[in-house]
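In TrEMBL this protein carries:
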DOMAIN    B:229-445  domain 'ABC transmembrane type-1'
TRANSMEM  B:43-64  transmembrane segment
TRANSMEM  B:126-146  transmembrane segment
TRANSMEM  B:166-184  transmembrane segment
TRANSMEM  B:228-252  transmembrane segment
TRANSMEM  B:272-294  transmembrane segment
TRANSMEM  B:306-324  transmembrane segment
TRANSMEM  B:357-378  transmembrane segment
TRANSMEM  B:425-449  transmembrane segment
Amino acid sequence: MTVSIPPDNTGAPHAPVSASAAGPAYGETVRTPDTVPRDVRLRARHVDVFYGDKQALFDVSLDIPEKAVTSLIGPSGCGKTTFLRCVNRMNDTIEDCRVTGEITLDGQNIYDPSLDVVELRSRVGMVFQKPNPFPKSVYENVAYGPRIHGLARSRAELEDIVVASLRRAGLWEEVKDRLREPGTGLSGGQQQRLCIARAIAVSPEVILMDEPCSALDPIATAVIEELIDELRLLYTIIIVTHSMQQAARVSQRTAFFHLGRLVEEGPTEVILRHPQAKKTQDYITGRIG
Amino acid sequence: MIPLLVAALLLVLMGIAYTQGFSRSRAIAATGVRLHSRPAYHGSLVAIRCLLPALLVLGLWVLFGPGMTRAFIVAQLPPDVAALDEPAFLTAVRRIEAIASGFGVAGQVQPYEAAAGEAVRRFHTFALLVVMAAAAGVGILGLLAALRRISPTLRARNKVESVVRVLLLACSALAILTTVGIVVSLFNEAFRFFSFVAPADFFFGTVWNPGFATTGTAAIGEYGLLPLLWGTVMIAIIAMLVAIPVGLMTAIYLSQYASARLRNVAKPIVEVLAGIPTIVYGFFALVTVGPFLSDTGAAIGLDIRATSALTAGLVMGIMIIPFVSSLSDDIMRQVPLSLRDGSLGLGATESETIRRVLLPAALPGIVGALLLAISRAIGETMIVVLAAGNSPVLRFNPAEPVSTITVTIVNQLTGDADFAGPQSLVAFALGLTLFVMTLLLNMVALYIVRRFREQYE
């Protein structure tokens, strides 16, 4: 953990932080003062999401720092995955889904009509809850993204990208002799790292991970968590997780969602050890969830 | 009238048996004893034990009744008639049967025939009464015996369940046995045909000219399968050329682009195409599509006959579009959503996702669907009877009339057919060929579809 917070600097519990203490006031979210991240890459402001008539997210405002891991925690159905899928506009694929508010990546509104969603998704990669390798070979799985985006000018270049991505995902040693075998034949943990390699191969700036370890056993989970910690040096990562231990292990900042609202956000240590909002305390201590 | 009476009798027996068994066991239960089975099972068991013996008696009558009647008739015949040779003797017996049944016969009725007919009728009525009485008697005996056996420890449920299991087995065996029977008879008759025509002449012959049955077996004619086979294959190819692109694109649109509301409306409508009787497609081809193609061809300087492989293939293609589109749509929607999300999440466009991920993943299943559609096209009859032109000549121009295996079967079996000469027996050889073709296609299709299923579950 790189961010540490003096324990006496927690402000009034249950109360929104005032504008003077922590920059502009937005929403009712409790924010740890003086820890507003610098190097903000991704900024969400007043995001509401509706599925048909049902509202799934209420006025969420959140800053995501560069080259750090931000985890989104909260009970099932709290909107954390919905928020994640807003960031690369995967919610576009769901009928009746409507997003209002503003999400900016490097200052550019990603919901701007002039923005190309294909380009956005090549900058914001995604790893899903269940490993979903394509029913193609290991090599073809990783080469898929670079191919469709025309990132490689030659076969050799494509091969370099594939090898580099597999190395970076910590999978190279295990699959270097089975590149032509189907990706679906790997173990669950290997499949998930293959999906991470596949996402890395298009050189994204942000990687979204939607409970990437929930379908894996503890050993595979540990491998992936280690990998996430390494990837932090290169990418901005947002991870949705059910496990507070995982949030503590891999992330520097944590945001707690409940019933579609962002209840509290701040450095992971503060959120997990000294939460200020009552709801966060209840969740951390296991009273809700 | 008689069968109805028997059925009513059995129903009444069954009802009585069930209620008796039910109330008897209920009465035992009311004394506070715990029954092994619930009263409904006791009732069912009594009904079964009453019904089975009665059905057995009736079944025996169905099996042996005609033989007994026949023996009785023979006993009625005067010695000079009984001494006649086989065909004349059989004719005499049939005449008496006809008189007894009240249908009457052609020609003068001999006195001995009238007397025998009357006797046979009386015998028949009497025998039927005896049988019904016996069935009822046995049923009632069974009922009484079953009632006596009702006790708290009687495992009525297990017994009823085993009877039901046998019943289920019998029903599934019926379907299988029917199929086996059809196949065996196909083989039998086809072998009879091959005693007239060498298999090599049939399978590799290029001329189809069977002649007519009335000219006798001396003029056997030529039975070359190839013109028919080629006609069948050509029409199927034309049909698939129509159905594959249209059907697949429909499936892609319905499964990937259409909104849920549109799909819920559009899919059933497309499937209605499959519900239109093929004869309707047939005259649609004959009256509308054929002349249209012919006129269009004339306008651009092509000689297209109104009834041709093209007409039949085109309309058949339209007919099987729903097979292709509906099955492919289902298969493409079976591809896990996570694959689609994975591709879109990498920045692939919708069309890249469909072409590079969804179609390859669904391909085995789609091929299976296509093979099923082809086997349907090969076996299709009415469209080709009306629209293919019925010209069993080996031609390679699709604008000319052709004939198919199915059309030829229809031709060979309509009109006078005595099933002794090759003219009609060839239908069985053709049917067998068709059966083997569609069987192979279906097996390959099912194999491919199953392989595909295993991949995602």
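Using the three backbone atoms N, Cα and C, a Cβ is placed for every residue, glycine included.
Here the transmembrane segment (B:425-449) has Cβ contacts under 8 Å with residues 183, 185-190, 192-194, 196-197, 202, 210, 223, 225, 228-229, 364-365, 367-369, 371-372, 374-375, 378-379, 405-406, 408-409, 412-413, 419 of the same chain, all six or more residues outside its ends. Packing against the transmembrane segment (B:357-378) from elsewhere in the chain are residues 232-233, 235-236, 239-240, 243-244, 247-248, 251-252, 256, 316, 320, 323-324, 327-328, 331-332, 334-335, 339-340, 342-343, 348, 405, 434, 437-438, 441-442, 444-446, 448-449, 451-453, 455: each is 6 or more residues past its ends and has a CB under 8 Å from a CB in it.
With a cut-off of 8 Å between Cβ atoms, the residues of this chain six or more beyond the transmembrane segment (B:228-252) that come close are 208, 270, 309-310, 312-314, 316-326, 328-329, 332, 354, 359, 366, 370, 373-374, 377-378, 384, 388, 392, 394, 396, 398, 402-408, 430, 433.
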